[in-house]
Amino acid sequence: MMDRNENSGCKALWSNTRLEWCYWCHLIRSSKCSFALFFAVLCVLAIIVGNTILLLSVNFWLDLMVKESTEGFTPIAVQVIVCLFLVLCFGVLIIVYIAVYGIKPLVRALCDTNRAGSPLYRMLLIFSSGATNGLSSALAIYAMTYTPEFMQAVLLSVIPFFAQIWTYALVREERDRCYSSMTLIGSLVLCIAGVLLASLSSFFTTDMSTKKAPWGWAFVYFLSCIVFGLWCVVQRLYFDAIMIKGTKPQEGERELHQPLSHQHPEITNSGRYEGRDGQRLPAEAAAAGVDGVTQSNEIEEVASSENAENPMLNREWAKQDENDLAAKALVLFLGIIFQAMVSFAFVPIDAIPGFGNSKDMKESWKNFSATFDFVFASWFNLRFGLLHTLGFLMSFIGCAYLNERSPPLASVVLQLAGPITSLVLIIIPEWDVFGEHGILSHKASGVIFLIIAGWAYHVWEVAYPNAYKSSTTTAAVMRGTGNV
């Protein structure tokens, strides 16, 4: 009996893995150029480029302060300054929004009671978004002063796995995902191997010309990545609370604030199948011998019926109306205000022995003020801060859109952004302000592992829920990939 269960488990593991890759190939083949695809690619590029900019600029900025500041320095002041810059940026965004759409959509997003979550619950989630990002940034900004820049980029690759753990714990709909998959297991193994291979030589190097990375500060940065995964999930909870209606509209009635796609597949009068994007699919399906539906339609019909049961799985890209934009503008603007407040409250942690640079609370506030004076004393001291703010701005906006689709999706992009930043540092080692560390071949091999791990995780992420449907879907996918 045990052998039979083991055999069935192995078959399911292999079957799920095969379906995921077949479905991914199907998506690649069937993808068409559209504004939605362009918008998704734009979000991905914004996160990758923004993450690279912010990671490089903040390390240059911190290195400048450590070397040039003579009256005291506290890293938490850097975070507060960046938060204030972002408040100004998102404040301008709010002003532009009000000029275009008026203030009513923002008020509705704050006060409407006919949403899945109450106004108080939604405000709590916005505060939690700012608080979790503030905590993550506080841990990271202190660790960055001592952790090699290359290792910072490498450790970003662990974010998707912790984001998935947080998602499983907090988002009920995500617990139905298929976790018995060699794609997911292989991605996790490759990620661990890549992180260890890329970083261990930096801890154990014996070359006198290179530096050793500190274990303790690397662990603090690792903790910041765990908290950042929680931030991704908190944003998803907010979008669920504000976007999902508590009551279904009457037939033929259009909801006033309809931000999600509820355009489920229908059969038109001409007998053609109509998909979620409103585009009619070819009528030659009957001639293909698939009961009037093409192989691609078989997959979409079953998937769409599942999405009709659970609208959280049926989100559309780039179809943003004034209410969608209001939700994102609020979480960005209010979230960064709360993050600035939380960061300001963290100033006393600089007095923690072995963690901060101050001897006591009084000195921590003195160093905080001295850091502000140093930054705004000249353009030379401020330039890296503005560049760092630009990177944060790009990453924040990209993550806001990707977190609405799926919390792990934004973290998957960050998982790819980490190795890309690492490659930049390998190609231009002078940009790693920590100095020479580790073995180049080990670091390059680890980065390759991380890129493959990110790719595999992406395949597993996009497979849910459509790849695991009934045998009809399985057969359709197999026929679409040339397998029987």
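FYI, residue positions are counted from 1 along the chain as it appears here.
Just so it is clear, glycine is given a Cβ too, placed from its N, Cα and C backbone atoms.
Among the features that TrEMBL reports, transmembrane segment is placed at 35-56 (among others).
Positions annotated as transmembrane segment by TrEMBL: 76-103 (among others). Within the same chain, residues 58, 61-62, 65, 134, 137-138, 141-142, 322, 325-326, 329, 332-333, 336-337, 339-340, 343-344, 346-347, 349-350, 367-368, 371-372, 375, 385-386, 388-389, 392-393, 396 sit at least 6 positions outside the transmembrane segment (76-103) and bring their C-beta atoms closer than 8 Å to a C-beta of that stretch.
The transmembrane segment annotation in TrEMBL covers 124-144 (among others).
Taken from TrEMBL, the feature transmembrane segment covers 150-171 (among others).
TrEMBL lists 183-204 (among others) with the feature transmembrane segment.
Within its own chain, the transmembrane segment (216-239) has Cβ neighbours under 8 Å at 122, 125-126, 128-129, 132-133, 135-140, 142-147, 151-152, 155-156, 158-167, 170-171, 199, 203, 327, 331, 399-400, 403-404, 406-408, 410-411, counting only residues six or more beyond its boundaries. Annotation comment: TrEMBL describes 216-239 (among others) as transmembrane segment.
According to TrEMBL, the transmembrane segment annotation covers 329-349 (among others).
Residues or ranges marked as transmembrane segment in TrEMBL: 382-402 (among others).
The transmembrane segment annotation in TrEMBL covers 409-428 (among others).
Taken from TrEMBL, the feature transmembrane segment applies to 440-460 (among others).
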Are there residues at least six beyond either end of the transmembrane segment (183-204) with Cβ under 8 Å to its Cβ atoms? List them, or say none. 16-17, 20-21, 148, 150-151, 154-155, 157-158, 161, 212-213, 215, 218, 415, 419, 422, 437-439, 442-443, 445-450, 452-454, 456-457, 459-460, 463
Between the transmembrane segment (382-402) and the transmembrane segment (124-144), are there three or more CB pairs that fall under 8 A, provided the residues in each pair are separated by 6 or more in sequence? no
Recorded stretch, among 150-171, 329-349, 382-402, 440-460, maximising Cβ pairs under 8 Å relative to the transmembrane segment (35-56): 382-402
Name the range, of those listed as 329-349, 382-402, 440-460, that has the largest tally of Cβ pairs under 8 Å with the transmembrane segment (150-171). 440-460
